[in-house]
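Below is one structure, written out as structure tokens; the observations come after it.
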Amino acid sequence: MLSVYEKVNALDKRAIEELFLSEDILMENAAMALERAVLQNASLGAKVIILCGSGDNGGDGYALARRLVGRFKTLVFEMKLAKSPMCQLQQERAKKAGVVIKAYEENALNQNLECDVLIDCVIGSHFKGKLEPFLNFESLSQKARFKIACDIPSGIDSKGRVDKGAFKADLTISMGAIKSCLLSDRAKDYVGELKVGHLGVFNQIYEIPTDTFLLEKSDLKLPLRDRKNAHKGDYGHAHVLLGKHSGAGLLSALSALSFGSGVVSVQALECEITSNNKPLELVFCENFPNLLSAFALGMGLENIPKDFNKWLELAPCVLDAGVFYHKEVLQALEKEVILTPHPKEFLSLLKLVGINISMLELLDNKLEIARDFSQKYPKVVLLLKGANTLIAHQGQVFINILGSVALAKAGSGDVLAGLILSLLSQNYTPLDAAINASSAHALASLEFKNNYALTPLDLIEKIKQL
């Protein structure tokens with residue numbers, strides 16, 4: 001997994017003061033990272049246009065232009081007059097190297113931005129408020145085949161809020177380390193592929209300790225059956241309580257069985273199970289089992305059962321969906337449980353604990369709110385769903401950006417609850433269960449050719465093939 005930071009000012013300051021890497025060295029390495037991206041995505045001789053701003057982000061662009069000129073048809077548009085000392089220095093160096101630099105004329109109709117690669121080096125991490133009208137990157141980038149953002153696409157602020165005219169990159173090179181603003185739900189459509197641009201020193205030397213991490217494909221640890229002398233009891237008993245909409249719980253149960261649980265049982269609370277809708281591989285119980293490894297409640301549920309508090313004492317659990325609308329869920333916040341709400345459900349839970357905020361406030365501050373909640377309830381693991389999933393525990397937050405839009409379909413969350421339950425029943429810690437189930441869920445969604453057609457049962461089949 002990769003370290004994530006809200007800002008990297010402290011990292012740059014340390015690199016300069018402790019590692020004796022000057023601003024010039026850092027900027028040259030940033031330009032080299034951008035240069036590698038151009039070389040990987042365009043042939044020699046291709047037309048490359050670089051949009052440069054007035055600060056150090058613009059300086060990166062001018063340094064890049066100097067490195068490309070002679071091998072590519074390189075053109076720089078000066079979107080704003082160079083102001084920072086490093087930007088001015090890099091602009092002069094670019095001019096001396098023969099780079100063509102044109103002033104961008106806001107009202108000029110004949111400026112041709114058709115190119116093979118368009119690179120945004122305009123604002124970077126200093127964006128606040130709204131973009132100036134002439135910086136409408138949606139129209140500026142229409143004729144570019146491939147678009148690269150330097151550090152942060154212009155129009156995304158430090159909280160991950162996005163201006164409607166923001167630069168929509170195919171690739172973002174985050175300089176030095178990953179910034180948290182690039183991982184917001186709203187930024188997902190603007191960042192494209194995300195890579196780190198190393199600034200002249202190995203990233204683990206450049207970085208400082210952090211409480212925020214980005215999950216990678218390599219972090220997934222699938223269930224392992226490495227013993228030959230074993231039986232079903234060695235792999236846990238997972239129990240799913242079915243609500244009024246029984247299909248949701250049945251999906252969770254099938255998902256848990258497919259992810260390694262030795263036994264999966266179900267119990268109807270608000271529904272009636274007939275012989276026509278009984279999956280043969282599940283064990284159907286009339287009562288809550290005395291011996292079990294973990295249970296899940298909430299999928300398709302309308303009311304909290306009266307024995308809920310007693311069940312919390314018997315085994316670890318996954319709580320989802322319907323439970324977050326009932327005050328009885330508060331009993332679980334002092335137990336080792338995994339909560340898996342989507343934003344609307346999380347708002348309801350926050351209201352129950354006395355935090356009244358709007359959906360807009362939640363989406364604008366999702367990372368901070370999830371972290372604060374996990375610190376207030378240290379026994380709980382919170383998995384907050386969204387375009388990017390947040391997993392928070394005791395102040396640490398793990399961000400999963402691996403999933404696809406294919407998961408935006410009823411039943412996907414029920415499958416996820418089942419995956420978490422399965423790992424919990426197999427003696428994974430609650431945090432490891434949430435992280436690995438979320439990763440498997442996301443990666444399986446990428447295996448489907450047509451993202452509009454994925455069904456929950458298809459998803460379970462793909463999970464079996466990981």
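Backbone N, Cα and C atoms are what each Cβ position is placed from, and that goes for glycine too.
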To which of S84, S139, S154 does Swiss-Prot also attribute binding of K(+) at the site defined by N57, D120?
S154
Looking at the binding-site residues G300, T389, K409, which ones sit with their CA no more than 10 Å from the CA of D151 ((6S)-NADPHX 1 binding site)?
none
N57 (K(+) binding site) and T389 (ADP binding site), Cα-Cα, nearest whole angstrom:
29
Please work out the helix, strand and coil residue numbers for the region 'NADPHX 1' (56-60) from the DSSP assignment.
5 helix, 0 strand, 0 coil
Output field, K(+) shell: CB within 8 Å of site CB centroid, site N57, D120, S154 dropped:
L51, G53, G61, C121, V122, I123, G124, A149, C150, D151, I152, P153, F167
Give the distance between the Cα atoms of L407 (ADP binding site) and D120 (K(+) binding site), rounded to the nearest whole Å.
31
